[in-house]
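A.B. asks: The annotation domain 'Major facilitator superfamily (MFS) profile' is assigned in TrEMBL to 65-424. Feature annotation from TrEMBL assigns transmembrane segment to 65-88, 100-120, 132-150, 156-178, 190-211, 223-249, 270-293, 305-327, 348-364, 376-399.
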Amino acid sequence: MAPLLRLSGRDEDNLVAFPSLKTQTVELSSCGDNGIIIASNIVDFDGPDDPARPTNWSSLRRWSIVVWTSLVSLVVSFASSVWSAAIPLVSTEFDASQDVVLLGVSFYVLGFALGPQVFGPASELYGRTRPFWTGLLIFCILQIPLALSRDVVSALILRFLSGLTGSAAPSIISGIHVDILNPADMGISMAIYIASAFCGPVLGPILGNIIVTSTGGWRWNVWIILISGAVSTAITMYITPETSSAVILRRKAQKLRLETGNYALHARIFTAYMSLSYGILYLTFVMYPFAFVSVRGWDPIPGSLPFLGLFIGICIACIIIAMHSLLYVRPRLLSRGRLQPEDRLPPMIFGSVCLTGGLFWFAWTSSPDIHWLNQVASGIPLGCGIILVFMCAIAYLVAISPPTSAQARLRSPPDLSRAWYRGD
């Protein structure tokens, strides 16, 4: 019988939090009849209090990692939509139609869809830090030729490559958080991370229009991405070591073999619903300018301010998730000793009502004869519903998958589906 690499402590805690998991082993790569040979030595941490175990790091260090990695996510998601504010100027400068320049958003999102298919598995094979820093460093470097580009083709190619490399952030950050936090703390960390991922695209058109108007050009939109990305990436690199327990114990560890419950159908349904809600968020980047600039005749900067309604809704949703984690999830974990995947879902019920209600409200008040404040206010339930549906679906998928969110990507396609639903 082949010996296995044993993980304990933190990983045993995960087995309590994820009751469908009965065993956790890591097989090491070599060569054999099926292409794999199992290593003969067993590696473990030096007891539950081993300081090398990520969950034993100080609270200040762990939550600093959560905050700064979330800021990195804010930057790369901000970069996805800030291009929309520059479309008229880029179109004029490069003598290209606005439809062609709009592909800068589409190509970025396409890169976001394809990148996780590489970065997610790479984070399991080579650890979190190597693919994370590689992708983000290249992302920052690509902003230089993008800001200096002289034709639309170069700009579009660089936008695609920026999305491809920037996707290292959403591919790996959730896995880092799972590595360093206890299950009871994941609700708060997820609220911080998802808020940053959703606020970035919402803030992009607002700040982008302000920058374009104040500078009279579009290139400073790119320089801002470079500056903010370089600063947040450098600080995150400094404070974040390798967090994967499997990689810490054995750098050559390849893949976990776990047994889960039969959640395949649920995973597909939740992935589709989550992707639809995320696609609706990106749909607002088209329907908001149309509703307030084209229909109501507002100028670009005032026309981007209604996005603040979405922003308020996103903040409310994050507060709801955090309170649900503190008042519902944590007591259940303490009383029962483990969590069921369905324990993360109650806010999703409220979120689905807010999502459909917000869309109906927005459409019902779209006439210019109706006061603009009514339509702006519809963004509050809309933003709240999008986030609640997305966050609860992610939490559910993580709960029914192996206890690293990066491996959840190997078992379901939320990143690809999510980007595909954005309509790009």
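The backbone N, Cα and C atoms fix where each Cβ goes, and this holds for glycine too.
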A.B. asks: With pairs 6 or more apart in sequence, are the transmembrane segment (223-249) and the transmembrane segment (348-364) linked by at least 3 Cβ pairs under 8 Å?
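C.D. replies: Contact between the transmembrane segment (223-249) and the transmembrane segment (348-364): absent.
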A.B. asks: Would you kindly check 100-120, 156-178, 270-293, 305-327, 348-364 and say which stretch has the most C-beta pairs under 8 angstroms to the transmembrane segment (190-211)?
C.D. replies: 305-327
A.B. asks: Which sequence-distant residues neighbour the transmembrane segment (348-364)? Criterion: at least 6 residues beyond either end, Cβ under 8 Å.
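C.D. replies: Distal contacts: 277, 280, 287, 291, 313, 317, 320, 374-375, 377-389, 392-393.
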A.B. asks: Taking contact to mean 3 or more CB pairs closer than 8 A (sequence separation of 6 or more), are the transmembrane segment (65-88) and the transmembrane segment (156-178) in contact?
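C.D. replies: Yes, the transmembrane segment (65-88) and the transmembrane segment (156-178) are in contact.
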A.B. asks: To what whole number does the mean pLDDT across the domain 'Major facilitator superfamily (MFS) profile' (65-424) round?
C.D. replies: 82
A.B. asks: Which listed range (156-178, 270-293, 305-327, 376-399) shows the maximal number of Cβ pairs under 8 Å with respect to the transmembrane segment (132-150)?
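C.D. replies: Answer is 156-178, with the largest number of Cβ pairs below 8 Å.
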A.B. asks: Should anything in the same chain at least six residues away from the transmembrane segment (376-399) have a Cβ under 8 Å from its Cβ atoms, list it; otherwise answer none.
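C.D. replies: For the transmembrane segment (376-399), the nonlocal Cβ contacts are 17-18, 174, 178, 186-187, 190-191, 194-195, 198, 202, 266-267, 270-271, 273-274, 277-278, 280-281, 284, 306-314, 316-318, 320-321, 339-342, 344-345, 347-348, 350-359, 361-362, 365, 405, 408, 412, 414.
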A.B. asks: Give residue numbers and ranges for long-range contacts of the transmembrane segment (305-327): same chain, 6 or more residues beyond its ends, CB-CB under 8 A.
C.D. replies: 184, 186-188, 190-192, 194-195, 198-199, 202-203, 205-206, 281, 284, 288, 291-292, 346-347, 350-351, 354, 358, 372, 375-388, 391-392
